[in-house]
Amino acid sequence: MATEILRTKWMAMTVSIWIQCTGGGSYTFGIYSAILKSTQSYDQSTLDTVSVFKDIGGNVGVLSGLVYTAATFNRRRRDGRERGGGPWVVILIGAILNFTGYFLMWASVTGLIRRPPVPVMCLFMFIAAQSLTFLNTANVVSSLENFADYGGTAVGIMKGFVGLSGAMLIQLYETICPGDPKTFILLLAIVPSLLSVLVMPLVRIYKTSTVDEKKHLDGLSTLSLIIAAYLMITIILKSILSLPSWANAVTLAVLLVLLASPLLVAVRARRGSIEKPLSSVYSPLVDKLEATTSGEILVLDEDKSLNVLQAMCNVDFWLLFLAMICGMGSGISTINNIRQIGESLRYTSVEINSLLALWSIWNFIGRFGAGYASDLLLHRKGWPRPLLMATTLGTMTIGHLIIASGFQGNLYPGSIIVGICYGSQWSLMPTITSELFGVKHMGTIYNTISIASPMGSYIFSVRLIGYIYDHTITGEGNTCYGPHCFRLAFVIIASVAFLGFLVSCVLVFRTKTLYRQIFEKRLHRR
């Protein structure tokens with residue numbers, strides 16, 4: 001029985017969740033950035049340069065997509081099973097990159113090796129952050145293939161947990177090595193890499209579905225929300241109270257027990273479900289697209305996915321890319337500047353730290369909630385997924401305007417709205433990508449579109465917000481105080497989000513026929 005449970009897609013999803021929970025080392029840069037700066041004698045500008053390579057490495061995952069395609073689709077037999085390859089190849093590369101990057105950084109800050117030149121340290125950071133794209137691609141794409149009928153929910157869970165991973169790793173830091181960022185860097189090298197190598201054989205693609213798949217996915221979704229709620233309560237308590245070391249150990253132990261709970265879903269799904277082959281009549285993925293004279297998209301041929309170059313010749317690729325520049329770029333620019341905004345509005349350091357810590361929770365709610373809601377609306381109403389993308393981008397516009405207003409306490413509702421809507425893009429975009437261009441090259445295509453995040457961050461955070469802030473400062477010093485400091489910048493950012501809303505509306509119009517066909521085929525299967 002135990003062997004049978006291990007060889008199910010539910011077990012594959014469970015271990016993928018565990019990998020995602022440890023993969024967000026780049027999200028904890030604030031923990032070890034100070035020790036990196038002091039031991040390497042960096043000024044702030046140099047540290048920011050290293051941080052840029054963290055963002056580039058964590059978002060430019062085209063290579064991981066290419067490797068995934070080569071390791072899975074190109075090695076499958078006619079019966080759909082892998083012959084020597086599989087998602088584990090991509091996970092193994094991610095584990096090697098993670099260990100290499102963080103171990104070399106740890107060796108640098110501890111003096112084990114000579115202090116490397118800045119370009120070499122940037123390379124270390126890039127390698128460490130690049131590991132996330134490999135782990136993320138393997139887990140997200142394999143989960144979407146295993147749960148194709150509920151791809152939005154599967155992707156939402158995967159993306160949600162990687163969004164929570166930073167908060168989880170901080171819990172590990174506060175329990176095992178509080179106040180010792182050097183040791184924490186070594187933990188980042190060992191824990192994610194070791195876990196990934198141990199469980200990677202279980203991450204496989206299964207060409208079967210279960211009659212009560214939705215029921216068990218709902219159970220997994222409930223557990224995900226419980227874990228997120230527990231983390232939120234823990235973060236709030238730690239921001240208010242100074243917990244002793246034993247209390248930190250207890251909170252971490254409870255978190256580990258909660259993370260083991262998806263095993264119960266895997267056991268229950270195996271015992272109570274009947275597996276059956278996926279229907280060859282219907283696939284929820286659209287494989288080859290052409291535009292009709294009316295501008296709408298129709299399905300012409302199935303089982304022929306577009307590669308990244310073919311996708312880039314399609315107008316919908318660029319509509320999705322532009323929407324993500326507006327949505328992801330404006331969202332990440334907000335979190336990058338939330339501390340400076342709080343300081344300009346006279347928020348206390350405790351309040352600012354709480355806002356930063358809770359961002360991961362709002363991010364998770366957006367990632368998970370948008371994936372789940374898009375599946376629900378598509379299955380019940382036949383509504384196109386881009387419609388939810390347009391809704392979240394329109395709502396994000398309101399969040400940016402709240403931040404621009406500068407009224408007392410504005411960052412609380414503003415950060416919640418922007419955080420949820422920003423997270424939504426990370427689960428909606430991969431699922432929409434698979435439905436527009438097919439699953440075979442999905443890893444490459446969605447990682448190419450993900451480049452919109454660092455691109456938007458540079459344009460809006462550095463060239464826009466930073467430029468306007470520097471020209472708003474009056475008097476001595478380099479700090480601006482008052483609502484006017486960021487008002488103009490965030491009015492412009494709100495306009496950018498509104499542009500993303502308009503672009504998404506165009507995508508809704510162009511894909512409405514596609515999603516109507518998907519909805520009708522699902523009705524036929526019932």
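One is the number of the first residue shown, and numbering goes on along the chain from there.
Any Cβ shown, glycine's included, is placed from N, Cα and C.
TrEMBL labels come from automatic prediction, so no person has curated them.
From a predicted model like this one, the values you see are computed outputs, not experimental measurements.
If you check TrEMBL, you get these features:
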type: DOMAIN; residues: 9-266; note: domain 'Nodulin-like'
type: TRANSMEM; residues: 12-36; note: transmembrane segment
type: TRANSMEM; residues: 85-106; note: transmembrane segment
type: TRANSMEM; residues: 118-138; note: transmembrane segment
type: TRANSMEM; residues: 150-172; note: transmembrane segment
type: TRANSMEM; residues: 184-205; note: transmembrane segment
type: TRANSMEM; residues: 217-240; note: transmembrane segment
type: TRANSMEM; residues: 246-267; note: transmembrane segment
type: DOMAIN; residues: 312-515; note: domain 'NFD4 C-terminal'
type: TRANSMEM; residues: 317-335; note: transmembrane segment
type: TRANSMEM; residues: 386-405; note: transmembrane segment
type: TRANSMEM; residues: 411-432; note: transmembrane segment
type: TRANSMEM; residues: 444-468; note: transmembrane segment
type: TRANSMEM; residues: 488-509; note: transmembrane segment
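By number of Cβ pairs under 8 Å, the transmembrane segment (386-405) is matched best by 488-509 from the list 12-36, 85-106, 150-172, 317-335, 488-509. The largest share of C-beta pairs under 8 angstroms with the transmembrane segment (317-335) comes from 488-509, of the ranges 118-138, 150-172, 411-432, 488-509. Nonlocal intrachain contacts for the transmembrane segment (12-36), taken as residues 6+ away from its ends with a CB within less than 8 angstroms of a stretch CB, comprise 42, 47, 50-51, 54-55, 57-58, 91, 94, 98, 102, 105, 109, 121, 128-129, 131-132, 135-136, 138-139, 142-143, 146-147, 154, 157-158, 161-166, 168-170, 173, 181-182, 184-185, 188, 191-192, 195-196, 199-200, 202-204, 206, 220, 259, 262-263, 265-266, 356, 360.
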